[in-house]
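*Asks:* The following feature annotations were taken from TrEMBL:
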{"type": "ACT_SITE", "residues": "A:E301", "note": "active site, proton donor"}
{"type": "DISULFID", "residues": "A:C58-A:C104", "note": "disulfide bond"}
{"type": "DISULFID", "residues": "A:C255-A:C306", "note": "disulfide bond"}
{"type": "DISULFID", "residues": "A:C483-A:C500", "note": "disulfide bond"}
{"type": "DOMAIN", "residues": "A:23-84", "note": "domain 'Beta-hexosaminidase eukaryotic type N-terminal'"}
{"type": "SIGNAL", "residues": "A:1-22", "note": "signal peptide"}
Amino acid sequence: MVGSTLWFSLLLAAAFAGRATALWPWPQYIQTSERRYTIFPHSFQFQYHVSSAAQVGCSVLDEAFQRYRDLLFGSVSFHFPQPMGKQHTSEKNSLVILVVTPGCDQFPSLESVENCLETFSQLVQRSPEGTFYINKTEIEDFPRFPHRGLLLDTSRHYLPLASILDTLDVMAYNKFNVFHWHLVDDSSFPYESFTFPDLTKKGSYNPATHIYTAQDVKEVIEYARLRGIRVLAEFDTPGHTLSWGPGVPGLLTPCYSGSHPSGTFGPVNPALNNTYEFMSTFFLEISSVFPDFYLHLGGDEVDFTCWKSNPDIQAFMKKKGFGEDFKKLESFYIQTLLDIVSAYGKGYVVWQEVFDNKVKVQPDTVIQVWREEMPVRYMKEMELVTSAGFRALLSAPWYLNHITYGPDWKKIYMVEPLAFEGSPEQKALVIGGEACMWGEYVDSTNLVPRLWPRAGAVAERLWSNKTVTDLDFAYKRLAPFRCELLRRGVQAQPLSVGYCDVEFEQT
Amino acid sequence: MEHRGLGWPRLSGLLELLAALAVQAVRASAVAAASPDLCLWPMPLSVQTTPRVLHLSPDNFFFSHSSTSKAGPSCSLLQEAFRRYYDYIFGFYKWHHGSADLRVGVELQQLQVSVILDPECDTFPKISSDESYTLLVKGPVASLTANRVWGVLRGLETFSQLIYQDFYGTFTVNESNIVDSPRFPHRGILIDTSRHFLSVKSIFKTLDAMAFNKFNVLHWHIVDDQSFPYQSVTFPGLSKKGSYSSSHVYTPNDVRMVIEYARLRGIRVVPEFDSPGHTQSWGEGQKDLLTPCYNGKEPSGAFGPINPIWNTTYSFLSKLFKEISTVFPDEFIHLGGDEVDFNCWASNPEIQDFMRDKGFGRNFKKLESFYMQAVLDMISAINKNSIVWQEVFDDASKLMPGTVIQVWKVEDYTQEQSKVTEAGFPVILSAPWYLDWISYGQDWKRYYAVDPLSFEGSQEQKKLVIGGEACLWGEYVDATNLTPRLWPRASAVGERLWSHKDVRSLEDAYRRLTIHRCRMLRRGIAAEPVFTGYCDHEDRM
């Protein structure tokens, strides 16, 4: 999917003029006119162009048509103004879709039509009398970066399935196309593995309620697919794995206090063959469950103190000739893991430490840059990663779990992902970025208002042309877009003082 | 002066109450922190529990009035509370009928409620309302005793927090003996419905959660620069032209409903009509109220604070506050008085003349005081007491005794408390509790660590601190994020204002707060997590 060439050009010959400028994210090319068309909900339809390669029966599109019909006109009953007395407006009855290369049943495929429908839905407005209308508009649009992701963390807090699905909806409204699912971590292991059921049985918060069954995972993947969103699953190792321990005895490193085990455990034990046998079986399952070409293998924040304390690891280090350099041990583990995953025909994304610690990785590895200051400023890191020839994903300035008072979306918005020293070839290696919502202080009570519309700032940065940076222009569109999110039932928090016609209603 | 007679007697009653509370507090002390399994919030004054457990069956448990109680089934406030707390205790769990365990242990079948004095069923809570209670949990009949219904409400909340489901799902409570009363009588939450409108439903939710945390004052900052959602009967133009839209208003009926909903939970509603600054939205519906600002010799078209030099201003305010004093039953009205910008006043030639005539020179604080004095007089003339923000004290040469000063500026707030109490004025503390100022991580610990009496001053001065308020200003808050931003962060303030000053272990607070947060979640309050972890019953699950 990365680097998809399926650009979609949308010609809207629709009616009525006004402020057709409340689009988010802003399209690459747009021309609006004063000419305004009335839309009659009862007769309006989405149609396949006769020469479209996709036709009725293309599930992704058929369902999208239905969804956007509901978003536009609601499922509530209202009186439809009848098409009489044309006056100076004219009527527009259909949006014609032409797809060159369909791929209706493939994974992340028809993102472009999906995005076009979203844009179309944002163009439709309603007059005070309740008539729907649209200005004659011509738009040609395509994303600036192919990887526009959002990370959710379901380990620090469990997120009910409904929260994840709702997030996918709002991602689609913002033209995000990658759901980075940080499934497991130290705190809990909610992913129910059929190969190793003990992982959730012993590692989840509650093995009956706080888990994702195989069915849940399938549902997330399909729900995402229908919205043109890839699911990038992360199983972070060798650190951040405490919750794996109870379900897989012997997997984690026993920490020592002097010459005795202290009873606590550290990262995955890289000195045992069993570890790699386990990983090999486990990732075979993961590779088949998650259809995306990429897996995220983590590799961040490995704490060496436990490894250092363990005599077996010390012996292993000596045997391998690693000396006192635990980065070499980390490299050894990661390289072995990467080999396993490559053998399953998967590509991988890793956190920047893997690169920083000079792990030998395959040239097509994607490095996700997340540290703001250390070891270097993140833009310097982008420069280093790309100059080493790796593809890079930017997240460092977009940790949305970090909150401050006031309109922090502006800071988020003003980041320019390519603002580093480097050749055009280096810049071309930046495939996009991700907004990250880590879960230490976030669960389903505060996820939505904390995420939206702040993540929208990242979405536009990754989709729109790099010249679209004016904050006033952004505010003028983002504020109404936030109201539109409210209208669509999304609990998106306010940007500043003011109101929306339709406010969020407590249940 | 006339107002003196109105302000002080009430206040001295209040001081006696405070003194009584202080005595009780000394008696109680450290017992509370001892019991490791208790997850009460806020921690009562004195708690004794035993390992002996009682079981409750949803089918066979009820609240009742003791035969000696001054309140009976005609007290609808209590009847409503019984129904509510029955639901909180049993409603959100899966029932386990006829559990074997139940037959083994002793059953708790009844909580018998006894009100000793005139119950005050049909009155509004006041600052002097007695919220103390004692709770004796033993089988088969437990008893809850209080002087007034207000204490019963607090005791019911505590009782509901004592009950848990054991390993087999049986409703269980340990035999206990609890004696409780609040440390401060004024424990408030400020909501701001001007920067963003909050639906009545959102306000109800907030009142529910306040009751779970034993807050007893809703400080309703109802209007401000941005919008005027309060629908005035006397001046309907104010909300007609000053609200965000015609659906963003509080009708008289809405206001009545909020006041009644609060009353049933033992919560006072203190309205704030902030002036002379923060009044841009008033100008939309009331011509010639705000000061026209000048650009040199010409009016600039912009408007400043309320114009303090015209008689029409005061006759308008007098009528408006008269209406407010009848709509809101509480004895206090908050008059604001904060952040008055003098630039516009200074630019206006008429005001310049007025200043000269009055001999104010260039000191606009004197003009501000002149205005505030007039409004304060107005309020005392309609038999109400006033609360004002600290600037009114800071900028005044003299101020009517009994005026309650709300300290909100975070810089040197303890010094401000010293000054205000030294001058003999009662204080409400808010400065360290601006919850709209968010930051990453567990900021509740900062709110919790504050002690409202940590300023320098005599015992007499300390007694003047009537309590505090957690403020959630609305610039970045509306119904979408109100609840998770307020709870459980405000709970930290709730315990600080209710519990004994020695209840301050962060570790124990963390343990209890985590469980309390899950409890709020179960009761339909989307309180955000304290830290990593989970609740049995998650929001949206």
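Cβ coordinates are placed from backbone N, Cα and C, and glycine is handled just like the others.
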*Asks:* Quick one: DSSP breakdown of the domain 'Beta-hexosaminidase eukaryotic type N-terminal' (A:23-84) into helix, strand and coil?
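*Replies:* So the counts come to 15 helix, 15 strand, 32 coil.
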*Asks:* To the nearest whole angstrom, what is the C-alpha distance linking A:C255 (disulfide bond) and A:C483 (disulfide bond)?
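*Replies:* A Cα-Cα distance of 52 Å.
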*Asks:* Spatially, which candidate from the recorded positions A:E301, A:C306, A:C483, A:C500 is nearest to A:C58 (disulfide bond), comparing Cα atoms?
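*Replies:* Nearest by Cα distance to A:C58 (disulfide bond): A:C483.
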*Asks:* Under DSSP, is A:C306 (disulfide bond) helix, strand or coil?
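*Replies:* Looking at the DSSP assignment, A:C306 (disulfide bond) belongs to a helix.
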*Asks:* Can you tell me the CA-to-CA distance separating A:C500 (disulfide bond) and A:E301 (active site, proton donor), as a whole number of Å?
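*Replies:* Each residue's Cα considered, A:C500 (disulfide bond) and A:E301 (active site, proton donor) end up 43 Å apart.
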*Asks:* Using Cβ atoms only, which residues of the same chain lie under 8 Å from A:C483 (disulfide bond) while being at least 6 residues apart in sequence?
*Replies:* A:C500, A:D501, A:V502
*Asks:* What three-state secondary structure does DSSP assign to A:C255 (disulfide bond)?
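*Replies:* DSSP assigns A:C255 (disulfide bond) to strand.
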*Asks:* To what whole number does the mean pLDDT across the domain 'Beta-hexosaminidase eukaryotic type N-terminal' (A:23-84) round?
*Replies:* 82
*Asks:* Including all protein chains shown, what's the count of other C-beta atoms within 10 A of the C-beta of A:C255 (disulfide bond)?
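*Replies:* Total other Cβ atoms inside 10 Å, all chains included: 19.
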*Asks:* So, in DSSP terms, is A:C483 (disulfide bond) helix, strand, or coil?
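*Replies:* Going by the DSSP assignment, A:C483 (disulfide bond) falls within a helical segment, counted as helix.
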*Asks:* Output, ordered by sequence, the same-chain residues six or more apart from the residue listed as 'active site, proton donor' with a CB under 8 Å from its CB, or 'none'.
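*Replies:* A:G239, A:H240, A:W351, A:E353 - these are the non-local Cβ neighbours of the residue listed as 'active site, proton donor', listed in sequence order.
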*Asks:* Under 8 Å between C-beta atoms and at least six apart in sequence, can you list the same-chain neighbours of A:C306 (disulfide bond), or say none if there are none?
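*Replies:* When sequence neighbours closer than 6 are ignored, A:C306 (disulfide bond) has A:T253, A:C255, A:T264, A:F265, A:G266, A:P267 within Cβ distance under 8 Å.
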